[in-house]
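All remarks here apply to the structure that follows.
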Amino acid sequence: MNPLPLFCSPLQHTPHLDFSNNPNYEPEFRFYDSTLLQAVRKGDEDVHSFFRLLALCHTVMPEDKNGKLEYQAQSPDEAALVSAARNFGFVFKERSPNSITIEVMGQREVYELLCILDFNNVRKRMSVILRRNGQLRLYCKGADNVIYERLKAGNRELKTKTQEHLNKFAGEGLRTLCLAVRDLDEVFFNNWKHRHQEAAVSMENRDEKLDAIYEEIETDMTLLGATAIEDKLQDGVPQAIANLAMADIKMWVLTGDKQETAINIGYSCQLLTDEMVDIFIVDAHTFDEVELQLIKLRESIRSVAKQQSAPTAVSIVTFSESEYQRGCNVEESENVAGFAVVINGHSLVHALHPQLEKLFLEVSCQCKSVICCRVTPLQKAMVVELIKKNKQAVTLAIGDGANDVSMIKAAHIGVGISGQEGMQAVLASDYSIAQFRFLERLLLVHGRWSYYRMCKFLRYFFYKNFAFTLCHFWFAFWCGFSAQTVFDPMFISVYNLFYTSLPVLGLGIFDQDVSDRYSLMYPQLYTPGHSNLLFNKKEFLRSALHGFFTSCVLFLIPYGTYKDGVSPKGYVLSDHMLLGSVVATILVIVVTAQIALDTSYWTVFNHFMVWGSVVWYFVLQYSYNYIIGGRYVGSLSMAMQEATFWFTTVITVIVLMIPVLAWRFYFVDVRPTLSDRVRLKQRLAQLRSRQSQDVLRTPSARRTRRSIRSGYAFAHQEGFGRLITSGKIMRKLPRPNGDFFFPPFNHSGPSSTFTSHLPTGSFDDTSDI
């Protein structure tokens with residue numbers, strides 16, 4: 001017997017079935033095929049076994065909330081399967097460490113729970129062993145290929161028909177599981193139970209021993225059928241991935257799904273497109289075969305690359321006229337055809353070998369998209385480590401469940417998605433978001449702003465300190481290199497602490513070249529960060545030369561003005577303290593004017609910090625000299641009483657600011673960057689009072705054959721069965737008289753780690769770098 005899918009899209013105008021005769025049904029449950037419901041009501045033995053398995057083989061916990069039965073599950077898929085059985089009349093009522101109680105068509109059935117064979121990413125299945133009325137039975141559910149390998153001979157027609165249904169479900173974009181059962185002999189089970197207990201308490205290689213014990217009993221099973229559950233991508237996932245790709249972010253998908261499903265993931269997320277030149281499949285099983293496939297793949301890429309004319313490289317700093325015009329358009333660049341590679345887990349084992357990893361990385365980096373399927377959590381972490389070790393790149397791993405932890409920890413930056421898959425990924429990550437599409441804003445807006453602000457902060461910080469420090473260098477030529485400082489010692493102490501700290505902090509916190517909306521509209525704005533174009537050795541040298549020039553003008557103009565000078569009142573102006581106060585004052589004004597020119601986004605805090613720092617300088621100077629009695633008392637006030645001071649200040653500031661303004665005008669007008677053009681576009685839009693349309697996001701939709709996303713995926717966390725049998729997390733539910741209690745059976749399940757990616761709102765163990 002092969003039941004139809006539990007969840008399927010209804011035909012238009014097809015009414016859903018009425019389950020109201022079931023007192024435990026859920027009003028929101030929808031099912032449209034009456035064949036299965038009729039088989040249940042007729043008492044079909046195979047169909048009843050099918051639903052009994054769904055009601056018994058799980059780690060769901062029931063709760064009684066205000067008289068209503070609710071299920072708490074590790075994953076939404078498992079909860080959906082138990083709920084489906086409930087609506088068909090097989091209600092999971094309660095569990096204890098050594099029993100499970102269900103209600104079948106109104107009749108109460110209590111099963112002795114003997115053992116839970118827990119799930120992990122290697123087994124890709126879970127089983128329970130139960131006893132009722134002296135009959136021992138093993139129920140198992142898992143991936144289709146895993147279950148089929150462990151079925152007993154015979155029933156070829158059922159297997160073929162079920163496989164056809166599985167393929168059909170995959171074509172509809174549904175997620176599948178296979179269900180199987182085995183009747184056990186009491187003598188065989190007791191013997192197996194003894195070996196299982198020994199393996200469970202073993203201090204060495206316990207996980208391996210338990211897996212071997214599980215393999216002994218999970219054989220010769222009988223196929224019951226298959227389930228299928230609709231799985232949707234979160235809103236905005238394809239659009240977010242497309243924008244990240246436009247930002248020149250290389251994306252790898254690491255998934256535990258089979259090859260067909262992995263390819264469907266790529267199409268549904270727009271990682272794979274029909275415009276691609278070719279999609280390479282690496283599925284060999286031996287080292288030599290994998291090497292041969294990778295070599296052929298590399299040669300194919302080189303051959304196609306030679307035939308195609310390579311596009312002209314465009315610098316982020318200087319664009320051609322065509323790029324300038326294109327940058328002024330709202331429409332983004334068209335998709336560029338490329339290559340993609342899909343590699344299976346058994347092939348990846350050889351590809352990650354030290355002798356092949358360089359070849360694998362070389363080929364993968366020449367492809368636009370890379371998808372690794374049927375990979376284990378360890379392999380996912382190894383792929384991340386491979387990129388970290390061999391490429392000068394920053395890796396980011398994002399996932400939404402326990403399966404993502406090892407990958408998230410291996411990457412430079414880990415992002416966890418909070419949701420129904422649990423909080424393990426969030427707790428192991430550096431950043432937490434609610435949906436995958438928020439990664440777009442995290443990187444393209446906040447990440448880019450952070451890089452932009454930090455680069456500006458560093459450039460200005462070096463500039464102002466070179467301008468300050470090198471004044472002593474010029475003064476040394478006129479003081480005979482006597483180590484005499486040109487500034488008041490107090491000014492030297494508080495220059496960075498009080499006079500110039502707040503403006504640069506405001507720049508580093510609030511500044512932005514373009515708004516968040518335009519940052520999302522033009523993902524290419526993110527690309528300068530890949531090559532460190534905003535701060536590198538060249539930019540450091542430019543800041544140093546700027547500071548060198550500023551210090552030279554800053555010292556020489558006041559020195560030339562005040563040397564051998566006499567005021568109209570007869571004061572001698574060529575005084576060391578007077579000169580030091582004048583140079584210090586002009587220095588504070590000049591570096592403040594410079595950061596005002598550097599600020600692209602003004603807020604109330606920026607105005608307060610920038611202009612307040614100048615006011616604070618004069619307040620602190622007078623307070624220190626006249627209240628505390630500094631060494632330079634009266635020198636600044638004496639200088640400010642003379643017109644010479646004001647003319648010197650104005651001339652020095654103009655001489656220093658004109659080259660900066662001319663330099664910036666030249667580059668903005670003649671050689672604008674994409675950021676300059678987008679900023680101009682933003683200002684024009686503000687002047688015209690027109691708001692551009694928000695970034696459109698593709699709504700969530702049922703996957704069609706064009707964007708298939710299906711197959712086996714099971715994000716069940718390992719070790720939960722051990723918690724159930726321990727009884728530490730049980731909540732007592734009201735139960736009628738006559739309930740049974742069985743002696744506890746100690747069980748210790750294996751433990752491991754998992755990885756996953758691309759949140760879909762259900763069982764998923766895919767991941768992305």
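Just so it is clear, glycine is given a Cβ too, placed from its N, Cα and C backbone atoms.
Bear in mind that the values here come from a model prediction, so they are computed numbers and not experimental data.
Here TrEMBL has Glu78, Lys141, Arg175, Thr255, Gly256, Asp257, Arg374, Lys380, Asn403, Asp404 binding ATP, and the candidate from Phe119, Phe280, Phe360 in that same listed site is Phe119.
When the binding-site residues Lys141, Lys380 are compared by the number of other CB atoms within 10 angstroms of each CB, Lys141 has the fewest.
When Cβ-Cβ distances under 8 Å to the transmembrane segment (644-667) are tallied for each of 457-478, 540-557, 577-597, the top count falls to 577-597. The most densely surrounded of the binding-site residues Glu78, Asp257, Asp404 is Asp404 (count of other Cβ atoms within 10 A of its Cβ). With respect to their backbone Cα atoms, Thr255 (ATP binding site) and Asp400 (Mg(2+) binding site) stand 13 Å from each other. Note on the domain 'P-type ATPase C-terminal' (426-672): its mean pLDDT in the predicted model is 90. The separation of Asp400 (Mg(2+) binding site) from Lys380 (ATP binding site), Cα to Cα, is 14 Å. Listed as Cβ neighbours of the transmembrane segment (540-557) (distance under 8 Å, sequence separation of 6 or more from its ends, same chain) are residues 459-460, 462-471, 473-475, 486, 583, 586-587, 590-591, 594, 648, 651-652, 655-656, 659-660. Distance noted between the C-alpha atoms of Glu78 (ATP binding site) and Asp400 (Mg(2+) binding site) is 17 Å. Looking only at the binding-site residues Thr255, Asp400, the densest Cβ neighbourhood within 10 Å occurs at Asp400. Maximum intra-site Cα distance, ATP binding residues Glu78, Phe119, Lys141, Arg175, Thr255, Gly256, Asp257, Arg374, Lys380, Asn403, Asp404: 25 Å.
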